[in-house]
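Q: Pulled the feature table from TrEMBL, pasting it below:
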BINDING   Ala63, Val64, Lys65, Pro66  NADP(+) binding site
DOMAIN    5-90  domain 'Pyrroline-5-carboxylate reductase catalytic N-terminal'
DOMAIN    145-249  domain 'Pyrroline-5-carboxylate reductase dimerisation'
Amino acid sequence: MTHLSVVGCGNMGGALLQGLAESGDHTLVGCDIDADARASVADYCETTDDLAVAAEADYVVLAVKPDSVGDLLPALDLDAEQTLISIAAGVSIDYLADLTDAQIVRLMPNLNAETRNMAAAVTGAVDDTVRALLNEVGEYAEIQESEMDIATALNGSGPAFVFYLIGAMADAGVDSGLEAEQAETLAAQTFKGAAETVLQSEQSIDELIDAVCSEGGTTIEGMELLWDSDVEEDVGAAVHAAEDRSREMAAEFADE
Ligand SMILES: NC(=O)C1=CN([C@@H]2O[C@H](COP(=O)(O)OP(=O)(O)OC[C@H]3O[C@@H](n4cnc5c(N)ncnc54)[C@H](O)[C@@H]3O)[C@@H](O)[C@H]2O)C=CC1
Ligand SMILES: O=C(O)[C@@H]1CCC=N1
């Protein structure tokens, strides 16, 4: 059982609280200055607007916008026995270390924490408690901090790219007459199942594509269109645009 607080109960802080509340018997505190944000997590944790209450936890997740970190972290006044888990994009461990005495973990989570299907990248003072917490809400990779910009793009921003692709598939279903709700369910479940297959299968992505393409059948018609298009480059470019922005944000913080 871990005593953990989350400062900032917005989209990402709220998702983490929801996932952790459903996964284990923890003492969870959600701290936010906004009453609506507190109300949104009240089913999952004790809520407060008092930073001092959040600062009593052994593990404190900082889930505010990157530009709020500089003011908020000194106010938390954490000590060396505590662990700060920062999820702020572009904010380096060096920057954080100037503002706190706590052990520092830098985590790039994603929104899928709320269904305990998070993909996370983590670095810094990762201990077994942090590993156990991350295991409860999904899968994680321990990476070097220098890899944080690409992780931010791939698994942090990644859900948005996947939501977009699910939407595009669902729209095609609607164009051809399916009801919107049916099309969304069929598209989303197809992504979910395909992702699970990739995770569990020993086959490569190309072998799996091949397994769906019956000779002279339907799939190959769509795949040939995709292979002849710029979709692969465009998806890669979207990931790299997010990576570039993460690097740019990190440079802005380094200059402060
Ligand atoms: N949204 C996402 O999918 C992901 C976000 N992140 C990171 O998570 C952090 C938060 O992002 P979001 O949840 O999207 O933002 P958000 O705007 O939804 O939530 C931020 C919350 O912080 C609260 N807040 C602001 N000042 C505060 C203070 N002094 N004390 C207590 N609470 C305060 C706000 O009221 C708000 O509820 C960012 O640093 C972002 O880089 C990381 C990975 C994924
Ligand atoms: O868009 C952002 O800056 C944050 C970080 C990764 C996902 N959302």
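Our numbering is plain: 1 for the first residue shown, then up by one each step along the chain.
Yeah, the Cβs are placed from backbone N, Cα and C, and that goes for glycine too.
Any TrEMBL annotation is an automated prediction that lacks curation.
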Q: Please compare the binding-site residues Ala63, Val64 by how many other CB atoms fall within 10 Å of each one's CB, and tell me which has the fewest.
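A: Across Ala63, Val64, these binding-site residues, the one with fewest Cβ atoms within 10 Å is Val64.
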Q: Quick one: give me the count of other CB atoms within 10 A of the CB of Pro66 (NADP(+) binding site).
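A: Summing over all protein chains shown, Pro66 (NADP(+) binding site) has 18 other Cβ atoms within 10 Å.
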Q: Quick check on the domain 'Pyrroline-5-carboxylate reductase dimerisation' (145-249): DSSP residue counts for helix, strand, coil, in that order please.
A: 87 helix, 0 strand, 18 coil
Q: Non-local Cβ contacts of Lys65 (NADP(+) binding site) (under 8 Å, 6 or more apart, same chain)?
A: Gly8, Ala88
